[in-house]
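J.: Before I ask anything, let me first share the structure, which is written out below as structure tokens.
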Amino acid sequence: MMDEAGTATGFEGQCEPLPAGDTSLAAAQQRIAQLEAALQEAGRTIQSLRESELRYREIFDGASDIILVLGLDGRRLAWSPAGERILGYSAEEIQAMSVREFSHLVVPEHRERVRRALRDKVEGGNVELHYEADFIAKDGRRVTLEVNSRLLFRDGRPVAIQGILRDITNRKHIEQALRESEARYRDLFENANDIVYVHDFEGRFLSINRKVERVLGYTPADTRHLTLTHIVTPEHRARALQAIADKLAGKTETTQYELDVIAKNGQRVTLEISSRLFYEHGVPVGIHGTARDVTKRRQMEKALRESEARYRTLFDSAQDVIYCHDLQGHVLDINPAAEKLFGYRRDEARSINVVDLLLPESRPVALAAIKPLLDGTETTVRYEATLLARDGRRITLEMITWLVLENGTPVAFQGIGRDLTERRLSERALRESEERFRRIFDAAPLGIVLVSLTGQILRANRAVCEWLGYAPEEIVGRPHTDFIPPEDTEESMRLARRLVEDAKLSSFQTERRYLTKHGQVVWGRLTVVALRNGEEQPQYLLGMIEDITQQRLLEEQVRHAQKMEAAGQLAAGIAHEFNNLLTVVAGYAGLLERRLAPTSVERSSPDLLHRYARDILTAVSRASVLTGQLLAFGRKQPQQLAPLNLNDLVLDAVRMLRPLLEPHITLVTDLSPDLGIVVADRQQLEQVLTNLAVNARDAMPKGGTLTLMTLNVWHEARPETRSRAMFRRKAVRDETMQMHPYVMLAVSDTGTGMSEEVRQRIFEPFFTTKPVGKGTGLGLSVVEGIIAQNKGFITVESEVGKGTTFRIFLPRGELLQAAPAGS
């Protein structure tokens, strides 16, 4: 309605028809009162609605979330101002959009989700739906909205959908970042190079990564049943518990320390621990830490320390000079050996340039030597240089130098120098000595040859070349056996091998035949010396030859004369002995002839004739014995060789010898129980034992003791007996023989003994100290002959008034072998 001012005012009216027939004023007034009351109630309702609408508008406009009212026909009935803040679209722009345009505010991949949600909302009735969807803002941003919606009803019918759209983009970003952070943490946790763990304050493991299996052998599942104290070594448990206590006491937030733990296989592993308190809701609930396996590092550090200690020990105790100087030559360090050699203290040496110590002629040598190091073509170089010591001495060093690098860059030179001063002097003296030796070698009147261990002649002097008729080049390089007769080759090689192989044998001497260039045989006395190095290893053989050809000819003439003299003596001795025997035979034969002649007046009794015959037979028997001794002396008797135990021989001989000995002579035996076997002629040895026993008996006219002893011994095959005061014939001399196993038979008496003059002659044929008719002088010659025929030898020791001992050595029947050293 319009008032007088033309202002339109709205009214809400209500009209009701009066009941038919009710026209009374009272009824009308009553009805009017009812209407007024109804109008007043309606006014109050309208006022309440206005207030509710105002509050809704305040909420609608001030809400931080988008409030959307969407008609079921797709019309946008309401769009709160928050929509413009969040998506950039005003309410007018939203309401002006078509349904398709509005639906395209949702990202394509979420549109179907939104349509299904709206359809489910309408079909499901008054059911609240909650979902999320991404929208495209006006500026193209992607915005994630959390949608909560419900149906709006009028008169019991759904007329619209109201939705609250909350911007959760930042929350989603945070959640995504959190998920990514969690994924990164989990990836880092599981794939960390170190053990990552969480344990409570009692040391029980709450979480641990897979690295624990690679380091300690325990799986993460295994650790659920372990505590920290279970795996820590006893000596480090207190350290681990103290670290936990310090954190709980607030003394430290984080700690770093090392622990030794025992792996599943029992090995000790060193871990470097870094740990801190772990909180939940601001309350400490455990320990979070990392453990790095530093076992190898600690081992390397230990090895490095040991290496450094060894280097320092070597540096300080080395006998060679060890030095270090920078690239300009300034000395950085020297060892005590350098201090001693050059006379400079270490601190003094640091103010010296090595160039100043080098002699002028050595400077270019040193600079040229180290250039390849700087060029990178060599890693070490070796050269010699002469330097001046503090006292002016010249010192020659053999130097080995290398570069010291830091991060691949050369910073200094280090090296070792060996003092060659004495060696160079020695080499000079050696060269002079070699020159003197060469002059002596070439000028010596004796023949001298230098032979390799393989037998090749390396050098021959003028004397030997002239003696054999060769030029030096015709001898050098040839085997030494080319110059001796073929039948002497084996013996020559044997002696050379013996000299090379036996370190105790320094030389040997022998007389040998040689062949000249023209095939003539000459004799030389050869002395061979083994030239050995510092380790006593043979290097060469040096032979010295003296021409004894003329001497051998003279000796042969002398031997022939001696042989003729000996033959004469032998013939005279035999003639004398047989003449004595024939005289006896002839005398008694004449007596028999006279006594038995038919015309004889001197008839003899049978007893007398029997005595004559017996004496003739005795003379004949002595002649037979003499013949046997001559055969034995000449070694013409045949031998019956067989294995023999000398103990058995002695025991059998004792029974035979007792009747031959005087009653006042005591016979004693001393027999070795494990005596070796010999191969010999038993009958010949019985004769030897009998001859020696009879000689011992004759040497003890007033009685004494005769001792027979046997023993296993090691002895030279043919010993040099003169040094032992024992007799030995020169013909059996051989100084190159080794020690061999023998069986010894000793015959000792306590008789008169003999002088040295007699002892030297006792083995000579027909030499005797017995009265005429008591001995032939062949007994001991026969004994020596028999022993030699059985491959043995005999020695004698005697002293006047104390007795005599004969020792017989026969080779043992077992395989002969060299005796051990010191036997």
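Backbone N, Cα and C atoms are what each Cβ position is placed from, and that goes for glycine too.
Note that TrEMBL annotation is computational and uncurated.
Below are the features I grabbed from TrEMBL:
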{"type": "COILED", "residues": "25-52", "note": "coiled coil"}
{"type": "DOMAIN", "residues": "52-125", "note": "domain 'PAS'"}
{"type": "DOMAIN", "residues": "129-180", "note": "domain 'PAC'"}
{"type": "DOMAIN", "residues": "181-251", "note": "domain 'PAS'"}
{"type": "DOMAIN", "residues": "255-306", "note": "domain 'PAC'"}
{"type": "DOMAIN", "residues": "307-377", "note": "domain 'PAS'"}
{"type": "DOMAIN", "residues": "381-432", "note": "domain 'PAC'"}
{"type": "DOMAIN", "residues": "433-503", "note": "domain 'PAS'"}
{"type": "DOMAIN", "residues": "508-560", "note": "domain 'PAC'"}
{"type": "DOMAIN", "residues": "573-814", "note": "domain 'Histidine kinase'"}
J.: If you average pLDDT over the domain 'PAC' (129-180), what do you get?
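T.: The predicted confidence over the domain 'PAC' (129-180), as a mean pLDDT, is 87.
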J.: Under the DSSP assignment, what numbers of helix, strand and coil residues are found in the domain 'PAS' (181-251)?
T.: 40 helix, 12 strand, 19 coil
J.: Write out how many residues of the domain 'PAS' (52-125) are helix, how many strand and how many coil, based on DSSP.
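T.: Within the domain 'PAS' (52-125) the tally stands at 46 helix, 11 strand, 17 coil.
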J.: From the DSSP assignment alone, can you count helix, strand and coil residues within the domain 'PAC' (255-306)?
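T.: Summed over the domain 'PAC' (255-306), the classes give 12 helix, 32 strand, 8 coil.
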